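Per Swiss-Prot, the features are as follows:
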type	residues	note
REGION	1-245	region 'COX1 exons 1 to 2 encoded'
TRANSMEM	19-39	transmembrane segment
TRANSMEM	69-89	transmembrane segment
TRANSMEM	103-123	transmembrane segment
TRANSMEM	152-172	transmembrane segment
TRANSMEM	188-208	transmembrane segment
REGION	246-657	region 'COX1 intron 2 encoded'
TRANSMEM	269-289	transmembrane segment
Amino acid sequence: MKQMSYVTRWLYSTSHKDIGMTYLGFGMLSAMMGTGMSVMMRMELSNGNSQFFHGNNQAFNVMMSGHALLMMFFFIMPVWMGAFGNFFLPMLMGAADMAFARLNNISFWCLPPALVCMVCSVLMEQGAGTGFTTYPPLSSMSAHSGPSVDLAMFAMHLTSMSSLLGAMNFMVTVLNMRTMGLHMVNMPLFAWAMFLTAMLLLLSLPVLTAAVTLLLMDRNFNTGFYEVGAGGDPVTYEHLFWFFGQWWPTNYVNNLEYCAMCWETYNKMYFIMLLITMYMSTNLLANMVKMLMTNRSNQQVTKNRMNKPHALRGDTSPKVRHKMFMNTMSKKSHALRRDTSLFSFPKNDKVRHMYDMNSKRYKSYLMGTSETTSTKSLKEMNMPSQRTGNPAITGTNLKENKNTMENSFNQWLAGLMDGDGCFGITQNKYTNCEMTVALEDEKTLRIIQNKFGGSMKLRSGAKAIRYRLHNQKGMINTMNAINGNMRHSKRLVQLHKVCSLLNMPVLEPMILTKNNSWLTGFFDADGTMNFSFKSSCHSAGGYTSKGKVSNHPQLTISVTNKYLQDVLPFKEMLGGNIYFDKSQNGYYKWSMQSKKDILNFVDYIKLNPSKTVKLNRMLLCNLYYDLKDLKSYMLNDNNMLQNKAWIKFENKWNKKF
């Protein structure tokens, strides 16, 4: 008799054990590929800068999508159902094999072509960087025009076909292939898990396949199922996908739980029945919950439109409908009204400020999937504008305030770069920027680092810290932020060179006004602020806290620069004087000593706050002039309390914040 070859033994087999082991090997191969993608993503995210993809965000998204699809459709489902189910289910049923042995072989051979399509999807052109849910319009032809997304969808079709064939085989095996005397109630819980999983696969996978088919038609046949301009609705795909997606995580986790419980409670029949009932109800609810939520939302939107005639317009956006739904729900919920009363303090500026800041910080959060982000501000949840009567905390003004804060930060950053920063180009044509500040201003650099990336390092031999940014993505973001806000003559030359290398146009420098934060950033970098006593031997003089004979104190604010044209706008806007200092190769100093000019500058800083410790001294200026008018710096028996106040002021002034 001719011996069976290795290929025939494993690839042509209809034995449930052989096919189960083949499923297991295929799943391990897919798992290794998915693990490789996971390692790439973890290497990229191991540091704030780009470590592996060199700023290529599309490549990262492709790895994320490929990793998720491989792990779900090519590892978890084939191993749990194909490998363990095929191997153990017939033995637990007392059956010789599966009900349809050749169908079992066909269901496996749908997977290798699907894996080839999945790998080609990752490697071809720009890849499918849509996330594992492939939501439109990100997966539509306008966003991903190549064949990568089509190949990913073909892979999902083939895996769905494999799962459907396997599900039919499992269900028939459980129903018809049990040994004599083995009733459904007496089956092991593992068999129940396989049976219910197969049943739900049979119900949910056609819905997912239909959703993917409609998306393929939109991409290749110019239909408009998910195109808003053609009368379609992209949210329909979300509902169809999660009819399947809401089910599978719960199902596979339950397999582990109930299989473990099976061995502990095998002899307790009533507990077995309870677990079976719980298992069936849990899986049924997991399959129905998305449909019930969608139905509830549609009913609420319909009711809102009937109550509000202006909402019947056809161009009402989903965001507007979402706001209408949330406002109606908040009006009907007494508990929500009771909770929102805690935030209704229109006269309390501190509470209003806290609400303003928190609403900007926690304005949005993830809903459901890795790609769907839903904006649900605090105003929509529990603080409508008609309840508080305060227009300063409505959603529109929050957005305007956010844009204003962003522009102010960019102007301040440009001023800081003009003062203490520099741009450079390496021999390999890589761009970078550096910035050096005092050691006590480390928090300032942390703000910049959190926004743009980069690294910080202490300077040896100096009480200063240096910030360095060298990755391309961070440099592009920095250039976009400060372009058009730079004013320093030398920095503008460097900016032109860097922007030329990055293929970015250079905008004209902005005009310096009191509503512009550039001077604040420049003062944080190159400005000084101190007061001194003019020594005198006059008998009417007094003693400072340091015991020196002195005249009245003099407060001075100054900014230095090498170029006269850079400091002239300071004098035109805020007054003061400019003189040339020959020390240190010569530089121009803009300084002010008069009370009027200094308080004018303090008002400017309050309007455009400093982000360094210099702000602490700036806020002490009014106290300085109050104590100076009272001559608190004079040491005599008549003003001991005032002199103590002056000493306390000096301690605050010299404190290292």
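Quick reminder: no glycine exception, Cβ is built from N, Cα and C everywhere.
Values in this document were obtained by computation on a predicted structure and should not be read as measured data.
For the transmembrane segment (103-123), the neighbouring stretch richest in Cβ pairs under 8 Å, chosen from 69-89, 152-172, 188-208, is 152-172. Only residues 6 or more beyond the boundaries of the transmembrane segment (19-39), in the same chain, are considered here, and those with a CB under 8 A from a CB of the stretch are 10-11, 13, 63-64, 66-67, 70-71, 74-75, 78-79, 82-87, 104-105, 108, 111-112, 115, 119, 122. The predicted model assigns the region 'COX1 intron 2 encoded' (246-657) a mean pLDDT of 67.
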